[in-house]
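Pulled from Swiss-Prot, these are the features on record:
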- 33-53: transmembrane segment (TRANSMEM)
- 77-98: transmembrane segment (TRANSMEM)
- 83, 182: heme b b562 binding site (BINDING)
- 97, 196: heme b b566 binding site (BINDING)
- 113-133: transmembrane segment (TRANSMEM)
- 178-198: transmembrane segment (TRANSMEM)
- 201: ubiquinone binding site (BINDING)
- 226-246: transmembrane segment (TRANSMEM)
- 288-308: transmembrane segment (TRANSMEM)
- 320-340: transmembrane segment (TRANSMEM)
- 347-367: transmembrane segment (TRANSMEM)
């Protein structure tokens with residue numbers, strides 16, 4: 001009799017995705033981040049669900065309800081900090097996952113890559129709206145500044161901003177709709193992740209060499225299930241160390257002050273995972289230009305597959321491209337640092353240079369490095 005997991009309509013899908021899936025035998029730990037992102041998403045949905053049971057999306061009570069969760073709800077403090085720091089872990093995994101894709105040429109799977117970029121954008125929007133919910137100073141001013149950017153869109157800008165706000169300023173209507181969107185978007189992300197996986201399984205996984213691995217495949221279970229469990233344990237260990245020892249390490253002290261429209265904080269800045277994009281936004285003196293640069297900082301990833309000039313897929317055997325890639329990583333770290341600094345003399349110039357370098361590396365230096373390598377190998 002054939003095994004039920006191979007015949008049952010529902011089990012068959014699970015079997016083909018997680019058990020009998022033919023997988024390259026040489027994929028490294030850089031391939032663990034996909035499953036880690038899945039775990040992060042499940043964790044965020046579960047902790048978020050329990051937070052939503054006690055949270056109130058009203059401007060007068062939102063801040064107090066978060067305080068109530070931390071003080072009065074059983075284990076509310078750990079749920080709240082797991083959710084807040086879970087977002088940080090989510091973005092660490094996202095950046096590693098995208099970096100892996102860039103390094104090993106996984107972007108040549110066009111559909112998978114483009115859905116991945118859409119997933120990144122959706123996750124960023126979800127995290128932004130979540131940051132508004134505690135209704136602290138940085139929540140309020142972050143929402144005001146970031147939504148106001150849309151007013152730079154010619155002709156319809158102002159109307160668009162007021163439509164998003166549900167009034168003439170960030171107020172009760174804004175908070176309520178942000179809560180509604182923040183609740184629904186993770187489920188949309190989960191659905192998109194399924195499509196992401198569907199397209200990936202059409203082609204099979206890439207591997208560190210970038211060479212077709214059809215001749216050397218192994219079943220996903222038990223080899224990669226056990227590897228994913230190890231990754232998950234390390235992820236949860238890191239998250240719990242953060243939650244239990246320094247839960248506010250990555251947060252902003254200003255968010256422990258209730259939102260006050262009459263008092264602007266001295267330095268408005270987003271959470272650490274948006275600082276690189278924020279630095280790019282601020283580096284352009286023109287409002288519309290800044291907004292376009294901000295959008296392009298993520299959308300530029302969609303151009304990467306078309307700029308692939310190398311005859312090899314992966315960067316594993318391409319030392320010049322490797323140097324360019326790690327320069328990009330260093331540049332992103334510099335942008336992250338600049339995004340958290342005030343708009344003053346040395347920081348402004350560094351931010352502008354780092355922003356120019358970011359686009360230059362992706363759009364010019366990477367294709368040039370690939371072409372040089374092709375010529376060196378007489379290809």
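The backbone N, Cα and C atoms fix where each Cβ goes, glycine too.
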Checklist entry - Are there any residues in the same chain, six or more apart in sequence, whose C-beta is under 8 angstroms from the C-beta of residue 182 (heme b b562 binding site), and if so which? => result 48, 126, 129, 130, 133
Item to check | Among the ranges 113-133, 288-308, 320-340, the one whose Cβ pairs under 8 Å to the transmembrane segment (178-198) are most numerous | outcome: 113-133
Next on the checklist: Same chain only, please: residues at least 6 beyond the ends of the transmembrane segment (113-133) with a C-beta under 8 Å from a C-beta of the stretch. Say none if there are none.
Outcome noted: 55, 57, 62, 66, 87, 90-91, 94, 97-98, 101, 106-107, 139-140, 142-143, 146, 174-175, 178-179, 181-182, 185-186, 188-189, 192-193, 195-196, 199, 270-271, 273-274, 298-299, 301-302, 304-305
Checklist entry - Cβ under 8 Å to the transmembrane segment (33-53), counting only same-chain residues 6 or more beyond its ends: which ones? => result 69, 79-80, 82-83, 86-87, 89-90, 93-94, 96-97, 100, 182-183, 186-187, 189-190, 193, 228, 231-232, 235-236, 239
Checklist entry - For residue 201 (ubiquinone binding site), what is the tally of other C-beta atoms lying within 10 angstroms of its C-beta? => result 14
Checklist entry - Expressed to the nearest Å, what is the distance separating residue 196 (heme b b566 binding site) and residue 83 (heme b b562 binding site) at their Cα atoms? => result 24
